[in-house]
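A.B. asks: Provided herewith is a single structure, encoded as structure tokens, for subsequent inquiry.
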């Protein structure tokens, strides 16, 4: 796990590309360790600018583009997740032999406690937060962050815990080489970020980098892409939504009741989990397997499971009025997440889905079958509403709107008693909102307004 950190060199510079939350944490971390830093961003006014100027007034700053001459003199290039590695400046740096790393690689060079790594197309934040709750219930000192919440490098500024839990994106893993996680999991693979990757295989290969270490591999046996990543002679724990093998986690149906099990041993009835949806049963099983891999007591893990109600904007129940239930799944930013929400939300009647935004080059066709089976109607908005409309034309009725307020009004008119209204856009939010949280908050507010009338 422990690697030899790069030492500052006289007159040498660490160049940081991207001045968002991660880039700012990289700048702060390197400057505090004596590195000379330069920070660049293609934007003229990036979100971390004011904080950088306050915290690191001596940092060299280049905005509105990347300074190729300065990059050519760098001792290392620290690339933020939002910057594609196909950028000409990065390709040129690699051709010169300049190390190209990210914040997680820096973290791996300095970390002094065991690390659990969690990635996947969907469920990362839920499993990270659930596992953190399990570790705390077990009395462990734990710090969680990475792609979720606190940047990884900021965790290193705090007292060393018993355990780090990191949510890791494919973009972060692209520039990570030496992280040796004591346990790691790719939760699932479904198409996402196809505007950044040439194909699904390239995206899968980026996710697979989380297994580069020597620790326990936690494997989703139901996902053939994940299952194919198993390495011989590595410790491995599997989970499935079917009946598991003797040393795996899974589900058992008994007398009309679903149980979480390990092998043939029943652990907990699914009815006792506050989390909604079958996809969250997979998240629970993954967390149990990861917890077992690092020695968390089962009783503590099961106790935490029964108390964990989930995260905002992830299949979040908002209200029930006139027999209609409203769910906020704004974090459903890709097709796989939305399919899981459509199939997993408990609904006596039909679904009214609100979807649309920036599709990131995704194939929307996997939405068709579950919508035909479960939806009364689909309300579309945002940049790629026309693409969604073309793909879903043979399914339930489609309605186009121009705003979240209009979407909620239309859904309220369409819904019947027993139905569920689900915001799960299958798209990113940045055509209309700063992030998925802002989109989810707009949905909440629109629901409040329509229900207060």
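Counting begins at 1 with the first residue displayed.
Cβ from N, Cα, C; glycine included.
From Swiss-Prot, here are the annotated features:
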| type | residues | note |
| --- | --- | --- |
| BINDING | 120, 121, 122, 123, 124, 125, 126 | ATP binding site |
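Surface or core, plus neighbours and distances: that's what I need for these features.
C.D. replies: Long-range Cβ neighbours of residue 122 (ATP binding site) (same chain, at least 6 residues apart, Cβ-Cβ under 8 Å): 187, 188, 190, 279, 334, 336, 337, 340. Mapped onto three states, the DSSP output places residue 122 (ATP binding site) in coil.
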A.B. asks: What are the non-local neighbours of residue 123 (ATP binding site), defined as same-chain residues 6+ apart in sequence with CB under 8 A from its CB?
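C.D. replies: 187, 188, 279, 280, 282, 283, 286 - these are the non-local Cβ neighbours of residue 123 (ATP binding site), listed in sequence order.
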A.B. asks: Applying the rule Cβ within 8 Å of the centroid of the Cβ atoms of 120, 121, 122, 123, 124, 125, 126, what extra residues of the same chain belong around the ATP site?
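C.D. replies: Surrounding the site, in chain order, are 118, 127, 187, 188, 283, 337.
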